[in-house]
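Annotated transmembrane segment per TrEMBL: 6-23, 35-57, 63-85, 92-111, 138-160, 167-188, 194-211, in sequence order.
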Amino acid sequence: MNMNIILWGFATALSGYFAYSILRQWLTKRKPSHLAWFIGFFFYFFSALGSTVSYFIGWEPSIYRIWYVAAASLVAFLGAGQLYFTVKPKVAHVFLVLVAIITVAMFVKVFNSPLNPEQLALNGEEIGGTALPRDARLYSPILTIPGSFALIIGSFYTFFRRHSKAGLWIGIGSLIIAMGGTLTRFGLTDILPIANSVGITLIFYGYSLAAKPTALPVNTPQAG
């Protein structure tokens with residue numbers, strides 16, 4: 001079996017658990033940070049699942065379009081969730097609203113853009129956003145760059161300020177995922193499943209540390 005299938009399958013299972021756990025928290029506490037993190041991890045789950053399935057049947061156009069939007073915007077929602085613990089709530093609210101608006105705009109643009117059928121037909125390969133025209137991909141860095149900064153810097157901030165190991169591992173995992181996405185834009189698409197699997201594992205480890213009663217408080221949604 002292709003190793004990428006195993007890696008994406010693993011990332012799918014772990015991110016699905018994340019999304020479910022944080023959804024339970026949001027339904028109980030109704031905190032905007034939980035909502036932002038749930039959306040981010042649900043998008044992570046969908047993007048990992050879509051990548052897994054693509055190795056068997058290729059890409060169906062509508063699924064590919066949704067997959068691209070989810071993959072391109074997930075880190076921005078995670079970053080928005082982190083901001084609720086590092087800046088004033090009003091600033092975090094504005095950031096989350098802007099992320100949502102840009103994501104909707106990207107969704108409309110992607111669904112009205114032509115796709116390269118030759119790229120969609122590639123089974124067993126990571127195609128990233130190459131099936132879309134360049135103008136449709138311009139939204140991605142607008143979301144991923146500030147989202148990555150908010151998530152990574154916010155996580156490391158909790159480590160240095162509170163000496164929280166949870167923040168350290170979440171920050172490292174987020175950094176690895178962000179680097180994988182950056183390298184993908186330079187054509188190094190095969191690094192994506194490795195970066196996502198390693199990154200989500202480290203984030204999960206940090207999340208688990210934050211959930212322990214003996215752990216120092218960390219600026220991430222706690223396990224429900």
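Cβ coordinates are placed from backbone N, Cα and C, and glycine is handled just like the others.
For the transmembrane segment (63-85), the residues of the chain that approach it from at least six positions outside its boundaries are 31-37, 39-41, 43-44, 46-47, 50-51, 53, 91-92, 95-96, 99, 102-103, 106-107, 110-111, 115, 120, 129, 131-132, 139-140, 143-144, 146-151, 154-155, 158, 174, 177-178, 181, 219-221, judged by C-beta separation under 8 angstroms. Taking Cβ pairs closer than 8 Å, the transmembrane segment (167-188) reaches residues 71, 75, 78, 126, 128-129, 140-141, 144, 148, 151-152, 155-159, 194-196, 198-207, 209-210, 218-220 in its own chain, all 6 or more past its ends. Long-range contacts of the transmembrane segment (92-111) within its own chain (CB-CB distance under 8 A, at least 6 residues past either end) are made by residues 32-33, 36, 65, 68-69, 72-73, 76-77, 79-80, 83-84, 132, 135-136, 139-140, 142-143, 146-147, 150. Through the fold, the transmembrane segment (6-23) approaches residues 34, 37-38, 41-42, 44-45, 48-49, 51-52, 55, 193-194, 196-197, 200-201, 203-204, 207, 221, 223-224 of its own chain, all at least 6 residues removed from its boundaries and within a Cβ separation under 8 Å.
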